[in-house]
Each structure stands twice: as structure tokens, then as C-alpha cells.
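Chemist: When I checked TrEMBL for this same protein, it listed these features:
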| type | residues | note |
| --- | --- | --- |
| DOMAIN | 1-34 | domain 'Phosphagen kinase N-terminal' |
| DOMAIN | 76-152 | domain 'Phosphagen kinase C-terminal' |
| BINDING | S79, T80, R81, V82, R83, H143 | ATP binding site |
Amino acid sequence: VANLDSGVGVYAPDADSYTLFKPLFDPIIEEYHNGFGSNQKQPEIDLGEEGIVNKKKRFNADKISLLTDLDPEGKYINSTRVRCGRSLQGYPFNPCLTEENYKEMEDKIRKVLCGFSDPELKGTYYPLTGMTKDVQKQLIDDHFLFKEGDRY
């Protein structure tokens, strides 16, 4: 089946698909990520102090006070962002999500993001429905939002 209007053209309905269809997915993913292959791994998390290395790749929020400001003079870091992809544990991938799933997921993410009180973490939440076309265009131009047109 040809989906010429699709950016990638291959979609996994759930996490198990990446294992079941590994011969199909791995070369596509490697090309998309500029040669980062399935046999390569991200480095272990190491926040620089003994006892903080986390082999399970989960950040311990109790240790956040041990992190130092990476740019205390404000010379090098202009901004950061958090990007939430389309998959949350306990939900299927995009092709199998229901409208109710989308609403639940957005509500969960919005509550977390809007709950930040630290000025360094606070930002603006833009719901996909309700933002102006100008804001949408700017977010797409800045690569913060996917462009429209992919049916999937």
C-alpha cells in the first residue's frame, strides 16, 4: 500500500510491533535517525556524583537539588523544551487511539505541565485545538509542532 502523502509511511500500532516487525522497522528508524542503529544505546544516566548513576534510566526527583545550573551566567543556553511524543504507558500507539484516549492523555500531560511552579520550568501550554493559525505556524516553523497533512 502506498501512502505517498505520509512523512514516513510505516506506523506501529503498539510497542510489540517494533519487535514483531523488526526487519521492517529497524532500517527505517536507523535512516530517520541518521545512522543511529538498533544495536546502539543511549549512554547511562550519570548526573556526575556518586550514587546518582541510575541504571534503570529513571530520574530520581529527590536528587534534583544535586543538579547545578549548567549556565549560571546565561551565556550559552538560550532555551530548552520538553517534547511529549505520542505514546504514554498504558495507551496504544497513535493508529489505535480512540478520541477518549486522546482526551485522557492530553488532560494528564496538561495537568503535569501546568502544575510547574518553578519559573525555570513554567511555560505556555498550547492545545492543538484552540491555538491561532499564527501560533500554529510559528510552532511548526520552530519545529515544536508537526505540520498538518499526515493522515495517520
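For all residues, glycine too, the Cβ spot is worked out from N, Cα and C.
Unlike curated entries, TrEMBL annotations are predicted automatically.
Since the structure is predicted, the reported quantities are computational estimates derived from the model, not experimental observations.
Would you situate these features in the structure and describe their surroundings?
Modeler: The DSSP breakdown of the domain 'Phosphagen kinase C-terminal' (76-152) into helical (H, G, I), extended (E, B) and coil residues amounts to 28 helix, 0 strand, 49 coil.
S79 (ATP binding site): 6 other CB atoms within 10 A of its CB, across all protein chains.
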